[in-house]
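S.K.: If you scroll down you'll find the structure; I have some questions about it.
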Amino acid sequence: MKISVLGCGRWGTFLAWYANRVGHEVMLWGRESSKHYLQLKESRMNDYVTLPQDIMLSNSLEAAVSFGEIIIISISAQELRSFAHSISLQKGLKDKIFVLCMKGIEANTGKRLSQVFSEEIGISSNIGIWVGPGHVQDFVREIPNCMVIGSDHIEVTKKIVESLNSSLIRFYYGQDLIGNEIGAAAKNVIGIAAGMLDGLCYSSLKGALMARGTREISRLVRAMGGNDTTIYGLSHLGDYEATLFSLHSHNRRFGQALITGEPFDKLAEGVSTVKALQYLGQKYEVELPICNAVYEMIFENADPKEKLIDLFLRPIKFEF
Ligand SMILES: NC(=O)C1=CN([C@@H]2O[C@H](COP(=O)(O)OP(=O)(O)OC[C@H]3O[C@@H](n4cnc5c(N)ncnc54)[C@H](OP(=O)(O)O)[C@@H]3O)[C@@H](O)[C@H]2O)C=CC1
Ligand SMILES: O=C(CO)COP(=O)(O)O
């Protein structure tokens, strides 16, 4: 099958490598101004992966959209709306399956990425998501993992899973698009909180963070009409090791750097997602104490130790 991957950063480049490894014909697209794209064009390598010669590289969006039967997208989540608008100007979209491989929620609207994408391209039946745990650094060393693919249409979900399953990535069929998208995005915020604990030398609190983080995100998902159990699956809790504990996690590293005052310039999606979660918490009247504390530490310069004490001094309540 022909597969296009749009976005040639850390994850997009890996996805092209993976689709090629599974046996597909692959075209990887990067924008003309992209340093990532230029580096791949010159060396076929980035910091994480080397691309086999048979992966085609293109900076023509028209060529990339027309090439793939399946079109995988992995760019910064907050850029999806404008990028989707550019895609909407291309031809033949109704015959394609789009797979969003990003973890975010639109910051100023609280909309899930599949909602943003379908609003812009004007089609909703052929959009899937691919989320769950996994770092490029592990996959290229042949360390396998389990991930989840979901959509609102089981035939679409099955087609994507059947095209991409392998002994390196075992996929599960997602059954709850709301839970999977909110869960995948929100784990980055919990990952930032974990990095803050590392920065404070309070890493031993991560067990409690895992227990209470899942609890508050599952309340939100339920209020939004999703299934709270989804939060205990691959898209959220299943991604905690890769985010709350991994040295590779950009979100964890962002949280740690915020506390220690070191610079950090990689994409940490949780920074924008926590704004969206503030909005959703208010809209659905769900208390999100950990997310709110992360928000205040990032955007309102709140003192981390004082925030932690505030969390500990909240009214005592039942665990579940
Ligand atoms: N296990 C998983 O499912 C994983 C998922 N991810 C997710 O993948 C997504 C991308 O992360 P990552 O690859 O680390 O980020 P990077 O910063 O490495 O790459 C982001 C890419 O998005 C491109 N981009 C940004 N804005 C636009 C735009 N307006 N139009 C077109 N392209 C644009 C950038 O272009 P340029 O090259 O010009 O800078 C860059 O290539 C995130 O949502 C992240 O959460 C990441 C890792 C693992
Ligand atoms: O989603 C990921 C791992 O599953 C990547 O996490 P980071 O973006 O925090 O590196």
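Even glycines carry a Cβ here, placed using N, Cα and C.
Just so you know, TrEMBL annotations never went through curation; they're auto-generated.
What TrEMBL shows for this protein is this:
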ACT_SITE  Lys187  active site, proton acceptor
BINDING   Gly7, Cys8, Gly9, Arg10, Trp11, Gly12, Lys266  NAD(+) binding site
DOMAIN    2-154  domain 'Glycerol-3-phosphate dehydrogenase NAD-dependent N-terminal'
DOMAIN    176-306  domain 'Glycerol-3-phosphate dehydrogenase NAD-dependent C-terminal'
S.K.: Return the count of C-beta atoms lying within 10 angstroms of the C-beta of Trp11 (NAD(+) binding site), excluding that atom itself.
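M.R.: Here the count is 21.
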S.K.: Enumerate the residues of the same chain, Gly7, Cys8, Gly9, Arg10, Trp11, Gly12, Lys266 excluded, that satisfy the criterion Cβ within 8 A of the mean position of the Cβ atoms of the recorded NAD(+) site; list them in sequence order.
M.R.: Thr13, Phe14, His36, Ser74, Ile75, Leu267
S.K.: Note down the number of other Cβ atoms within 10 Å of the Cβ of Gly7 (NAD(+) binding site), including every protein chain shown.
M.R.: 27
S.K.: Give me the count of other Cβ atoms within 10 A of the Cβ belonging to Arg10 (NAD(+) binding site).
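M.R.: Within a 10 Å radius of the Cβ of Arg10 (NAD(+) binding site) lie 20 other Cβ atoms.
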S.K.: Far apart in sequence but close in space: which same-chain residues, 6 or more away, have a Cβ under 8 Å from Gly9 (NAD(+) binding site)?
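M.R.: Looking at Cβ-Cβ distances below 8 Å from Gly9 (NAD(+) binding site), excluding near sequence neighbours, one finds His36, Ser74, Ile75, Leu267.
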S.K.: Which state, by DSSP, holds Lys266 (NAD(+) binding site): helix, strand or coil?
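M.R.: Lys266 (NAD(+) binding site) sits in coil per DSSP, no helix or strand.
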S.K.: In whole Å, how far does the CA atom of Lys266 (NAD(+) binding site) lie from that of Lys187 (active site, proton acceptor)?
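M.R.: The Cα atom of Lys266 (NAD(+) binding site) is 17 Å away from the Cα atom of Lys187 (active site, proton acceptor).
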S.K.: State which of the following recorded positions has the fewest other Cβ atoms within 10 Å around its Cβ: Lys187, Lys266.
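M.R.: Selected from the recorded positions Lys187, Lys266 on minimum Cβ neighbours within 10 Å: Lys266.
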S.K.: DSSP says what for the domain 'Glycerol-3-phosphate dehydrogenase NAD-dependent C-terminal' (176-306): how many helix, strand, coil residues?
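M.R.: Taking each residue of the domain 'Glycerol-3-phosphate dehydrogenase NAD-dependent C-terminal' (176-306) in turn, the totals are 97 helix, 0 strand, 34 coil.
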S.K.: Taking the Cβ of Cys8 (NAD(+) binding site) as the reference point, list residues of the same chain whose Cβ is under 8 angstroms away and which are at least six residues distant in sequence.
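M.R.: In sequence order, Ala16, Leu28, Trp29, Gly30, Ser34, His36, Tyr37, Leu40, Leu57 meet the Cβ cut-off.
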S.K.: What's the CA-CA gap between Lys187 (active site, proton acceptor) and Gly12 (NAD(+) binding site) in angstrom, rounded?
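M.R.: Rounded to a whole number, the Cα-Cα distance is 20 Å.
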S.K.: In Å, how large is the greatest distance between any two Cα atoms among Gly7, Cys8, Gly9, Arg10, Trp11, Gly12, Lys266, the listed binders of NAD(+)?
M.R.: 15
